[in-house]
Amino acid sequence: MADAWEEIRRLAADFQRAQFAESTQRLSERNCIEIVNKLISQKQLEVVHTLDGKEYITPAQISKEMRDELHVRGGRVNIVDLQQVINVDLTHIENRVGDIIKSEKHVQMVLGQLVDENYLDRLSEEVNDKLQESGQVTVSELCKTYDLPGDFLTQALTQRLGRIINGHLDLDNRGVIFTEAFVARHKARIRGLFSAITRPTAVNSLVSKYGFQEQLLYSVLEELVSTGRLRGTVVGGRQDKAVFVPDIYSRTQSTWVDSFFRQNGYLEFDALSRLGIPDAVNYIKKRYKNTPLLFLKATCVGQGLVDQVEASVEEAISSGTWVDVSPLLPSSLSVEDAAMLLQQVMRPFGKHASATVFSDTVVVSEKFINDCTKLFSERMHQKAEKEMKNNPVHLITEEDLKQISILESVNTNKKDKKDERRKKATEGSGSVRGGGGGNAREYKIKKVKKKGRKDEDSDDESQSSHAGKKKPDITFMFQDEIEGCLRKHIPDAPEEFISELAEHLIKPLNKMYLEVVRSVFMSSTSASGTGRKRTIKDLQEEVSNLYNNIRLFEKGMKYFADDTQTALTKHLLKTVCTDITNLMFNFLASDLMMAVEDPATITSDMRKKILSKLTEETKVALTKLHNSLNEKSIEDFLSCLDSATEACDIMVKKGDKKRERQILFQHRQALADQLKVTEDPALILHLTSVLLFQFSTHSMLHAPGRCVPQIIAFLHNKIPEDQHTLLVKYQGLVVKQLVSQNKKSGQGEDPSSDDLDKEQHDVTNTTRKELQELSLSIKDLVLKPRKSSVTEE
């Protein structure tokens, strides 16, 4: 019952409070959100939404929670982890990081992580523990262990050296931290090891062999060397090729170098390299800086050796001999170094040194070279005289002709020589109206002009300038021939020297040979001056005779048909016309010192060579004459011949009736004399046919053997029937004999043709007997006395 009343009193009290309480207004959640957003937009409230959108958080609270989280995590936290813990956007975290770093100096931002000094102190303690345990730690290993950048870690550890970390940083390699005990231990090892070294040793090999820390080794080694604790030097710096050279070795080395140089007078760079001296050139320069030395490619030579070579060279030059300096030099000296040494020795002589270097080591005086040249003097004269006789057209070059022409113009007045030539020509052929009959014509024109006749006063200068532009195109001797002669003269000379000397002598010998050729031609020209006078007279007479013969031969050809005339024309151009052309060219060649003994030996190429050396005025006429030999017209050839004789100042006597009768008679007699002595059936038939043609037509004929059938056919109605029948029969036998001979030569040694050979032999014997029986009768057709006509006489 009492409990019920207690409950009633409690309810009455609650009701009374409710009656007297004031009423309050409550906002909905939506209204709250709108109000907060309004305040944020008006910048009256600065709060940040959480990622789930259920809460607002102030920037100050974010900073507080970041500091708390950094402390909880031991002084190092990643900002990504902070974003997950605080549950706000990463941008707000990054914005507050800058404020924290500014307000708290002991906090730093490293690789997206907040790190404070407490963490770095604990890290330094851990590093110190490792350092004391191993004696050294490397920053690179610490970077991998703690995932921090090397520069940041080096800076942080450096600040704590001596305070937290009991060690010191290598000054040369700031990536290593040592303890004093470690450095002292290594220093003692390095000192002991290098104190025991007695020869140059590569430092790099010791690092790998004894496990030294490379940078520490170089630092300690340099310190020990600089303080004098170690006697030696480090060559090559802090590189893979660094070498430690102890003083005891250097002293031994220097003693050996001094002794070798004193005894031999030179030093080899390779030998010094084998001694452990890497830069031999600089070593020698420092060692012998007050000693005159000559540095070559692979060696260094002292003044004593240079003086010895120089004395030998001077002796060779003064005595007019040669010397090979290689025996005077050490055998280890290369050919290239010997050549460089000799070049230095020859330099004081300057450009006027009367010596030449062969094979790099052989010095030859100019006097010796001249003596070698004189060995070939006699042979030059012999060869020049022989070549002049054999083929002078190809022996003398155009340049030689210019120079010879200059020499002639110096000794002879141009006008007097021209007048003298005209006088000689007149004496040899008679006056205009005398000697050739009333109808004779004579042609006279200017003498052939030669290049080089102008400017006589400057002949030497022009000669030298031309000689420099055009080399001789003749060869005296080949190199192997010259080498053979030199071996006999200097048997003790090296083979390479002989070869180079021969090559050196080729041009001078060819030049001398050219001078000898000129001299031979000039002497030959001077000795045959009187003979030339007769030559001009004889030439004009011979040209006139051949000219008239060609005219008469042309007249005889007109009795035949066109095809036969063509064959006769070609034959005449190839023989008589070519002979008269060669006479003309040989006449001009005599003025050019290019004449040959027999004009018949002049070929087409030789005529072209002569043409190339003529003046333009003469060349035009002679070129047309040369080209007309390949044409098919005698009239064109004679027209060109008239122009050529006119250009060459050759007077040609044109024949009259009396002259023609004399030529006909002489030609007939010449053919008859030849017919009397010959026994060749083919030639008998040929000569008889031509003579019968002349008897019947009173015209000369110059025909080849293949035109004999046409001549016999022409004579059918010109001679008695019995004579023509005999001639035709003889012709058949001649043809039969020729066919038989051709068959015999064509069969050769064929065994299957024995029977045919026997039969052919019988036929040939029969034919030969018949020809022998008829030959006398055929000759009698023209040789037997007969009545002569008036025109034949």
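Each position is counted from 1, following the chain as shown.
A Cβ is built for glycine as well, from the same backbone N, Cα and C atoms used for every other residue.
Note that the structure is a prediction, hence the values are computed from the model and not measured.
What Swiss-Prot records for A2 is N-acetylalanine, and it gives similarity to another entry as the kind of evidence. For A2 (N-acetylalanine), the count of additional Cβ atoms within 10 Å of its Cβ stands at 5 [all protein chains shown].
Residues annotated as omega-N-methylarginine in Swiss-Prot, with similarity to another entry given as evidence: R433.
Annotated phosphoserine per Swiss-Prot: S458 (among others), in sequence order, evidence recorded as a large-scale study or a structure entry.
Taken from Swiss-Prot, the feature phosphoserine applies to S462 (among others), supported by similarity to another entry.
Positions annotated as phosphothreonine by Swiss-Prot, on the basis of similarity to another entry: T535.
Taken from Swiss-Prot, the feature phosphoserine covers S752 (among others), and the record attributes it to similarity to another entry.
Annotated phosphoserine per Swiss-Prot: S753 (among others), in sequence order, evidence recorded as similarity to another entry.
The region 'Mediates interaction with DDRGK1' annotation in Swiss-Prot covers 2-200. Per-residue confidence over the region 'Mediates interaction with DDRGK1' (2-200) averages out at a pLDDT of 80.
For the region 'Involved in CDK5RAP3-binding' (121-250), DSSP puts the residue distribution at 73 helix, 20 strand, 37 coil. According to Swiss-Prot, the region 'Involved in CDK5RAP3-binding' annotation covers 121-250.
Taken from Swiss-Prot, the feature region 'Mediates interaction with TRIP4' applies to 200-400.
Positions annotated as region 'Mediates interaction with CDK5RAP3' by Swiss-Prot: 490-683.
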